[in-house]
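Asks: Can you keep this structure in mind? I'll have questions shortly.
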Amino acid sequence: MSIILILSNTARKRKRKGFGGCIQEGVGEIFIFFVIAGEIDGGWQWRSDREEDEGERAIAILPNSKTGNMEDQLLSSKGNKFPVGTSCLSPLVLSTCVVMCGSLAYGFAVGYTSPIQSGIMADLGLSIAEYSTFGAILTLGGTIGALVSGTIADMVGRKVTMWIMDLCFILGWLSIIFAKSVWWLDIGRFLMGIGAGLLLYVAPIYIAEIAPKSIRGGCTAAFAFMVYFGFALMFLIGNILPWRTLAIVGIIPSLVQLIGIFFIPESPRWLAKIGLDKEVEASLQYLRGKNVDISLETAEIKDNMESLTKLSGSRYLDMFDRRYAHSLIVGLGIMILLQSGGTDAISSFASSIFIKAGCSTSFATITMGFIQLPFAAMGIFLLDAAGRRPVLMVASAGTCLGNFLVGVGFLCKDYDQMSQLSATFVLVGILVFAIFYSMGVGGAATTIVSEIFPMNIKGSAGSLAIVCNWFTSWIVTYAFNFLFEWSPSGVFFMFTFFSGLMILFVAKIVPETKGRTLEEIQASLTLLN
């Protein structure tokens, strides 16, 4: 007997012959099953009665008892335009994990300011305004990093851009570690912001460009999952370690990624854009598996690039052409509404929110951090199972509810009879916000923006989308402490409004991208004259 990993996109809610058990059942695109295999005629065979299911795709690793080697086989490819062998899993997993080190570094950076606020203000004698600047300057650096991210990624490639990003994070953390004044803190935080601005463009783009369409959403959501993991880890150990030691911990993911970049392939779509046809085939073959026929996928990538080159050049202002209006509105709208809902402000100043509400800060921040992890993991499966639009709409409704509960909680403090309920409402509201944001808002928004722009404007349009994200975040994060002192309930009711607006925006404008190649998505959004 042997255990075989099966990936299926047409699971049904009924028992199947030959299945020894499953992690998850239901209608969806990506599910993982454990299948019992038996040895027959010196080899291995999987047993299932699902081979005739339309759209079935199963990937198994079958050991050959005669040679003792692992053979990569595609057991079924009906309804699958581009076949994928399991030998692709190792390079794809390695590439995704290396990129996820960057998202872990970003999660550390975002989560760093909340647990160390009292310690760093006491040690360096910072005022509220100085600490607000320290917290918000990450977003200012991110805006600048985002401005150049697309240009850099198009000029030198995705891998070199990630390498530059790591240097920014490393230098930023070192500046904080050895800081003697607020200026060193701000410089370090600003450098980290530049790195984060590069990261939020190049990392999702790279993952979307290397992953097969059937698991592209899950791979991109895994990037968001590691952000939450880094955020949660900072909240946990930030209540234990001094702020300088915590900064030393923060530098580790960037060092790991700096080395790992040398072991992953360049994006085949970027290689196609600069005309390196042989390198496109080599990269794609490595990613899909050595025994897999990549001719169809390679041809589609090259044909799409040729069509886009004829359609338009790659000048910065080309993205404002009428034919790209839909994709540009979707990308910019999602990024602006995402930050207007209070995402980074709540993450950066969670401790201040809990103190104001009368909650136990250490308990609340640790709970907030770790409650996100299982729901972020759920989001990895939901994006490819349910689709981007429904996940983003439901999750936005949840963040809207969370912000509303926090606003009600602070409103209760103004009434003596209800003041004892304030802490409960605020804690529950923040946890509801954290759950739904991690489950779908962050991951779905990042995934959609990484998919919708054609290659010829991806650098400029993607950069502009990330700039909008960072600039909105900077405004909200910097203004938060001042607005919070003025009216705690008012600022959260404002976040409630923008979270609700996201639901309407997605329902009316945002397209579904699940189960479609990047070329199909981009062609459907581009108006041809």
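Heads up, the Cβ atoms here are built off N, Cα and C, so glycines get one too.
So TrEMBL has the following annotated:
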TRANSMEM  88-108  transmembrane segment
DOMAIN    95-514  domain 'Major facilitator superfamily (MFS) profile'
TRANSMEM  128-148  transmembrane segment
TRANSMEM  160-184  transmembrane segment
TRANSMEM  190-208  transmembrane segment
TRANSMEM  220-240  transmembrane segment
TRANSMEM  246-264  transmembrane segment
TRANSMEM  324-342  transmembrane segment
TRANSMEM  362-383  transmembrane segment
TRANSMEM  390-411  transmembrane segment
TRANSMEM  423-449  transmembrane segment
TRANSMEM  461-484  transmembrane segment
TRANSMEM  490-510  transmembrane segment
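I would like each feature placed in context: is it buried or exposed, what are its neighbours, and how far apart are things?
Replies: The list of residues near the transmembrane segment (88-108) in space but at least 6 beyond its ends in sequence, with Cβ under 8 angstroms from a Cβ of it, reads 59, 162, 165-166, 169, 195-196, 199-200, 203, 206-207, 210-212, 219, 222-234, 249-250, 253-254, 256-257, 260-261, 263-265, 286-289, 292.
Remote same-chain residues near the transmembrane segment (128-148) are listed as 109-110, 113, 117, 120-121, 165, 168, 182, 185-186, 189-201, 344, 348-349, 463, 466-467, 469-471, 473-474, 477-478, 480-482 (criterion: CB distance under 8 Å, separation of at least six residues from the stretch ends).
Beyond the transmembrane segment (160-184), the same-chain residues lying 6 or more positions past its ends with a Cβ under 8 Å from any Cβ of the stretch are 99, 102, 105, 109, 124, 126, 130, 133-134, 145, 149, 152-153, 190-196, 198-199, 202-203, 206, 244, 247-248, 250-251, 254-255, 257-258, 261.
Long-range contacts of the transmembrane segment (190-208) within its own chain (CB-CB distance under 8 A, at least 6 residues past either end) are made by residues 95-96, 99, 102-103, 105-106, 109, 137-150, 152-153, 158, 161-162, 164-169, 171-173, 175, 216, 219-220, 223, 254, 267, 446-447, 449-451, 458, 462-463, 466, 469-470, 518.
Sequence-distant contacts of the transmembrane segment (220-240) (same chain, six or more residues past either end, CB-CB distance under 8 Å): 96, 99-101, 103-108, 110-112, 114-116, 203-204, 207-208, 211, 246, 249-250, 253, 347, 350, 362, 365-366, 368-370, 372-373, 376-377, 379-380, 382-383, 438, 442-444, 446-447, 450.
Remote same-chain partners of the transmembrane segment (246-264), defined as residues 6 or more beyond its termini with a Cβ less than 8 Å from a stretch Cβ, comprise 91, 94-95, 97-99, 101-102, 104-105, 108-109, 112, 115-116, 159, 162-163, 166-167, 169-170, 173-174, 176-177, 195, 230, 234, 237-238.
Counting same-chain residues at least six beyond the ends of the transmembrane segment (362-383), those with a Cβ under 8 angstroms from any Cβ of the stretch are 24, 28, 30-31, 111, 114-115, 217-218, 220-222, 224-225, 228-229, 231-236, 238-239, 350-351, 354, 391, 395, 427, 430-431, 434-440, 443-444, 447, 514.
Note on the transmembrane segment (390-411): residues 341-342, 353, 356-357, 379, 382-383, 421-437, 439-441, 443-445, 448, 488-490, 492-493, 495-496, 499-500, 502-503, 506-507, 510 of its chain, located 6 or more positions outside it, place their CB under 8 angstroms from a CB of the stretch.
Long-range neighbours of the transmembrane segment (423-449) within the same chain, counting only residues 6 or more positions beyond its ends whose Cβ lies under 8 Å from a Cβ of the stretch, are 200, 204, 208, 216-217, 220-221, 223-225, 227-228, 330-331, 334-335, 338, 341-343, 346, 350, 353-354, 357-359, 364, 367-368, 371-373, 375-376, 378-380, 382-383, 388, 391-392, 394-399, 401-410, 412, 462, 465, 492, 502, 510, 513.
Sequence-distant neighbours of the transmembrane segment (461-484) (same chain, 6+ residues past either end, Cβ-Cβ under 8 Å): 128, 132-133, 135-136, 138-140, 142-143, 145-151, 193, 197, 200-201, 205, 319, 324, 327-328, 331-332, 334-336, 338-340, 342-345, 348-349, 352-353, 356, 449-450, 453, 490-491, 494.
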